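Engineer: So that we are looking at the same thing, I have put the structure below in structure tokens.
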Amino acid sequence: MHNHWFEEEGIDGKYVPFEIDPNRLEEAVRGMKALNFTGWNVTIPFKEAIIPLLDQVEEDAKLIGAVNTVINQQGKLIGSNTDGAGFVESLYEKRTLKEIQQSSILLIGAGGAAKGIFHALAKLEPAHLAVANRTEERALSLIQSIKTNKKAQAITIRECEKLLSTFDIVINTTSVGMFPHVENMPIDVTKMKNCTLAADIIYNPLETAFLREAKKHGADTLNGVGMFVHQGALAFHQWTGTNPDTDKAVSRITKQLGGTSC
Ligand code: ATR
């Protein structure tokens, strides 16, 4: 995706993957700094571990406790997190800011991905925000640690299934339904109402069992390709100052994953 963007934007750059020994992260960061890299993304298992190795961490990333993007400004390493904002950008393809603010939103999951999305959504001040997770204490500790929305509620999976018709937007942030366990679903969607937007951050498969079943109940759906593209575009913008073509990237990736549209 990034290399297509470099080409499209006429920028002399390259995006390359590096697999780093977990015991040598500090050395790797020093090496990338010495080689004058413009920036990089950080993924599992280093999103937290990289924080003490940076010169500055933006407030949102500090609050979430995870960095996915680093920019090297003349030797000063600045960390941020574009995951939550990337999700919100993709959500704008389906709902306006006003609609989001009038929505009752259910987030399923309380892991790393949920944290970033919770914080980004809470900043938009939706009418109601609830988090349901298999391990209930984790949902509670998520809303307590990220105090962006003081009215947010932690509920059980059973409660959220019972209350499902009260939610306008339902987002799966868990890995349930991801390839190869494609028939698994994070919740039962029997009570989903037909004007709900069901979103999944999974993009392999493009249509998870959760989205497929939600669709059967008349819901509108959004898969994880948009979030993937937008979190990348926000990082790309930090490094290059350009806004790459995200629509084209969504189509290209959707096609690569065997689909015809998002
Ligand atoms: P990530 O950084 O991708 O969010 P994570 O922090 O390990 O990964 O979080 C994974 C999320 O998926 C959690 O909400 C987890 O629920 P628990 O907190 O109960 O572990 C959820 N999850 C993973 N596998 C699950 C399963 N089989 N059933 C229900 N929830 C699951």
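A Cβ is built for glycine as well, from the same backbone N, Cα and C atoms used for every other residue.
Pulled these features from TrEMBL for this protein:
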| type | residues | note |
| --- | --- | --- |
| DOMAIN | 1-70 | domain 'Shikimate dehydrogenase substrate binding N-terminal' |
| BINDING | Thr43, Asn68, Asp83, Tyr203, Gln231 | shikimate binding site |
| ACT_SITE | Lys47 | active site, proton acceptor |
| BINDING | Glu59, Gly109, Ala110, Gly111, Gly112, Ala113, Asn133, Arg134, Thr135, Glu136, Glu137, Arg138, Ile201, Gly224 | NADP(+) binding site |
| DOMAIN | 94-176 | domain 'Quinate/shikimate 5-dehydrogenase/glutamyl-tRNA reductase' |
| DOMAIN | 224-247 | domain 'SDH C-terminal' |
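On this model, are these features tucked inside or out on the surface, and what's nearby?
Structural biologist: Taken through DSSP, the domain 'Shikimate dehydrogenase substrate binding N-terminal' (1-70) splits into 30 helix, 7 strand, 33 coil.
Within 10 Å of the C-beta atom of Asn68 (shikimate binding site) sit 27 other C-beta atoms, taking all shown protein chains into account.
If you take the C-beta of Lys47 (active site, proton acceptor) and look for same-chain residues 6 or more apart in sequence within under 8 angstroms, you find Ala66, Val67, Asn68, Gly112.
Non-local neighbourhood of Glu59 (NADP(+) binding site): empty, since no residue in the same chain at least six residues away has a C-beta under 8 Å from its C-beta.
According to DSSP, the domain 'Quinate/shikimate 5-dehydrogenase/glutamyl-tRNA reductase' (94-176) comprises 36 helix, 17 strand, 30 coil.
Here the domain 'SDH C-terminal' (224-247) returns a mean pLDDT of 98 for the predicted model.
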Engineer: Out of the recorded positions I have (Lys47, Asn68, Asp83, Ile201, Tyr203), which ones have their Cβ sitting under 6 Å from ligand 1?
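Structural biologist: With ligand 1 as the reference and 6 Å as the Cβ limit, the list is empty: none.
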Engineer: What kind of secondary structure is Tyr203 (shikimate binding site) part of, going by DSSP in three states?
Structural biologist: coil
Engineer: Mind checking which residues of the chain, 6+ beyond the ends of the domain 'SDH C-terminal' (224-247), have their Cβ under 8 Å from one of its Cβ atoms?
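Structural biologist: Contacts with the domain 'SDH C-terminal' (224-247): 1-2, 5, 8-9, 11, 13, 38-39, 41, 68-69, 71, 80, 82-83, 85-87, 89-91, 93, 200-203, 206, 253-254, 257, 262.
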Engineer: Spatially, which candidate from the binding-site residues Ala110, Asn133, Thr135, Ile201 is nearest to Thr43 (shikimate binding site), comparing Cα atoms?
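Structural biologist: So, spelling it out, the nearest of the binding-site residues is Ile201.
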